[in-house]
Amino acid sequence: MIGWLEAMLRVGRKLFVKAETQLYPEEKPKLYPRSRGRIVLTRDPDGQERCVACNLCAVVCPVGCIDLTKAVADDGRWYPEHFRINFARCIFCGFCEEACPTSAIQLTPDFELGEWRRDALVYEKHDLLISGEGKVRGYRYWSVAGKAIDGKDKGEAEHESPPVDLRGLLP
């Protein structure tokens, strides 16, 4: 009988305390700076796509929700002909962002991806591309890469030494 009375007193005391429930759509939750949400593809400061279709993001993805195909532009740059992410399968782990050597793929704090149909959660390249540079400002991959493109040969990138002539090293 005393145990029952103690339990009722505990419940009675909590009865008049204000609840800590957040009313989600009206009150937005506090998001931390490193929170991981929707994936976007960013652009160079010049306005060109940063993605070089190296396929590292698709390889490192634990659920295999990224699909892309590489193409080569006239000036020698690589770009993704198609880039597709299935957000119905994505677990927002951030491995793709860490693996990207060009900082093209980035996770934003936007997490509201509710849809009525699953096929609406498959985003194509035109859905993922944003107009800005994202979190990494002023980075131009092709100006620091050791790959030859139109207007830049190997060894002419920023902070790059000229290539070594291996035949000149032979005795």
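Cβ coordinates come from backbone N, Cα and C, glycine included.
Summarising the annotation, Swiss-Prot assigns [4Fe-4S] cluster 1 binding site to CYS51, CYS54, CYS57, CYS100 and lists sequence analysis as the type of evidence. There are 17 other CB atoms within 10 A of the CB of CYS54 ([4Fe-4S] cluster 1 binding site), with all protein chains counted. Secondary structure at CYS54 ([4Fe-4S] cluster 1 binding site), as computed by DSSP, is coil.
Residue environment of CYS61 ([4Fe-4S] cluster 2 binding site) contains 19 other Cβ atoms, counted within 10 Å of its Cβ in all protein chains. As annotated by Swiss-Prot, [4Fe-4S] cluster 2 binding site applies to CYS61, CYS90, CYS93, CYS96.
The domain '4Fe-4S ferredoxin-type 1' annotation in Swiss-Prot covers 39-71, and the record cites sequence analysis as its basis. On the 0 to 100 pLDDT scale, the domain '4Fe-4S ferredoxin-type 1' (39-71) averages 91 in this prediction.
Taken from Swiss-Prot, the feature domain '4Fe-4S ferredoxin-type 2' covers 81-110, and the record attributes it to sequence analysis.
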- Positions on the same chain near the domain '4Fe-4S ferredoxin-type 1' (39-71), where near means CB under 8 A and six or more residues out: 77-91, 93, 95-108, 123, 125, 128-134, 136-142
- Item | Nearest-integer angstrom distance between the alpha carbons (Cα) of CYS90 ([4Fe-4S] cluster 2 binding site) and CYS54 ([4Fe-4S] cluster 1 binding site) | 20
- Message: On a C-alpha basis, identify the one among CYS51, CYS54, CYS100 that is nearest to CYS61 ([4Fe-4S] cluster 2 binding site); the candidates are the binding-site residues.
- Response: CYS100
- Could you round the CA separation between CYS51 ([4Fe-4S] cluster 1 binding site) and CYS93 ([4Fe-4S] cluster 2 binding site) to a whole angstrom and send it over? 19
- Item | Per-state residue totals over the domain '4Fe-4S ferredoxin-type 2' (81-110) - DSSP helix, strand, coil | 5 helix, 9 strand, 16 coil
